[in-house]
């Protein structure tokens with residue numbers, strides 16, 4: 001009976017061997033697709049000691065069969081005894097990852113990546129890393145030093161993904177030197193791509209050696225890039241360099257990074273200065289923004305006056321966050337007049353709109369009382385400007401400010417100016433008065449609407465200009481004043 005039991009236990013392997021040697025490809029394919037059933041019949045120990053070695057030694061077949069095998073092995077973890085024994089699947093998958101057909105290799109790599117997550121940290125280092133390093137590292141080194149800059153560019157662009165894939169040990173020993181070389185590459189496009197990955201690369205370094213690696217190997221390269229001859233490289237670095245402050249901490253930031261930030265704030269390229277200013281929140285968390293405030297002001301003023309309207313627009317949009325970081329006193333002293341000047345930016349209607357929105361966000365940050373004392377008088381003063389475009393800007397600002405300033409300030413200070421402007425000689429101003437009254441109407445109380453707003457709108461509804469009539473009638477309808 002014992003002999004019979006022994007024969008029965010060998011039966012699944014014998015059947016598999018027969019089917020895999022069969023001339024019929026479909027039969028061989030069906031056999032591979034039944035591997036999990038065969039493994040269950042054999043049990044975990046015999047699957048590890050008999051089935052997997054057999055599969056590893058006999059990997060020669062049609063691509064269709066090998067593809068199915070590569071896929072099957074990715075789901076074999078529990079069939080070999082769970083995560084403790086998952087490394088047993090590496091030899092057959094490694095063989096499959098080296099076959100000629102691309103789809104088979106891709107499927108084998110997909111399965112390897114899948115089971116890599118089921119390895120313990122120790123098993124990854126002992127079993128998985130030795131497999132990956134001779135497959136991957138020579139290829140990576142070769143690609144990072146390829147004669148074609150486009151290949152090197154792609155390596156730099158995907159460096160963070162590579163870093164996560166190979167793990168901390170290979171990163172320390174192999175990727176750090178490769179990354180240094182990319183940061184020093186002779187082609188600006190490659191340096192820019194690598195510079196863009198500096199923060200991410202540093203964040204993903206092993207925590208126990210992160211600071212040492214950055215200070216010893218990465219920061220010297222970064223210092224060189226700050227004064228790179230190519231503006232795209234400098235701009236790419238400026239977009240991420242501030243993030244190093246949260247990684248390196250207060251002391252290192254003050255001693256090593258702060259001089260770089262200050263140099264970038266004075267860079268001839270506006271995009272570099274803008275990228276530094278746009279990421280100030282990172283530094284504010286670590287050392288406070290006051291350390292940079294004296295250099296910030298000239299940089300902000302220069303950007304606000306830059307010839308490119310997109311640069312001016314970007315600094316306008318960033319101003320509310322910057323104001324919150326600098327505080328109300330610094331803002332009022334240094335930047336308030338700048339924000340008001342943006343309201344009459346003739347270079348772009350987008351900038352005027354953004355500047356108006358900027359004022360609203362500043363009021364949300366500093367409060368209605370601050371607005372009443374600081375912003376509202378200056379806005380209302382433009383109602384008397386000889387330039388009708390500036391007078392219209394007053395109305396745009398009132399539209400934006402009424403809701404955040406509230407009913408009292410709107411009724412007491414802003415509404416009388418709107419009423420006065422209903423008599424403006426320029427029709428464009430008058431129909432914008434109608435639009436403004438429609439916009440701020442919901443902020444006002446019903447008595448004010450009926451006794452003050454309605455008569456002004458009725459007067460505008462009989463204006464000689466068709467547009468003024470149209471917008472006045474629309475306001476009357478929307479506010480239910482008919």
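Glycine residues also receive a Cβ, built from the backbone N, Cα and C atoms like all the rest.
Nobody curates TrEMBL annotations by hand; they come from automatic prediction.
Bear in mind that the values here come from a model prediction, so they are computed numbers and not experimental data.
Here is what TrEMBL records for this protein:
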type	residues	note
REPEAT	12-50	repeat 'HEAT'
REPEAT	136-174	repeat 'HEAT'
REPEAT	175-212	repeat 'HEAT'
REPEAT	218-256	repeat 'HEAT'
REPEAT	257-295	repeat 'HEAT'
REPEAT	296-334	repeat 'HEAT'
REPEAT	375-413	repeat 'HEAT'
REPEAT	414-452	repeat 'HEAT'
REPEAT	453-482	repeat 'HEAT'
For the repeat 'HEAT' (375-413), residues assigned helix / strand / coil by DSSP = 35 helix, 0 strand, 4 coil
What DSSP reports for the repeat 'HEAT' (453-482) is 22 helix, 0 strand, 8 coil
Would you kindly list the residues that approach the repeat 'HEAT' (375-413) from elsewhere in its chain, counting only those six or more residues past its ends and only Cβ-Cβ distances under 8 Å?
-> 336, 340, 343-344, 346, 352-353, 356-357, 359-360, 362-364, 368, 420-421, 424, 426, 428-429, 432-433, 435-436, 439-440, 443-445, 448
If you run through the repeat 'HEAT' (175-212) with DSSP, how many residues end up as helix, strand and coil?
-> 26 helix, 0 strand, 12 coil
Residue numbers, six or more beyond the limits of the repeat 'HEAT' (136-174), whose CB comes under 8 Å of its CB atoms = 113, 124-125, 129, 181-182, 185, 187, 189-190, 193-194, 197, 200-201, 204-206, 209, 213
Near the repeat 'HEAT' (414-452), which residues from the same chain, at least 6 beyond its ends, have a CB less than 8 A from one of its CBs?
-> 376, 380, 383, 388, 391-392, 394-396, 398-399, 401-403, 405-407, 459-460, 463, 465, 467-468, 470-472, 474-475, 478-479, 481
Helix, strand and coil residues within the repeat 'HEAT' (257-295) as assigned by DSSP | 31 helix, 0 strand, 8 coil
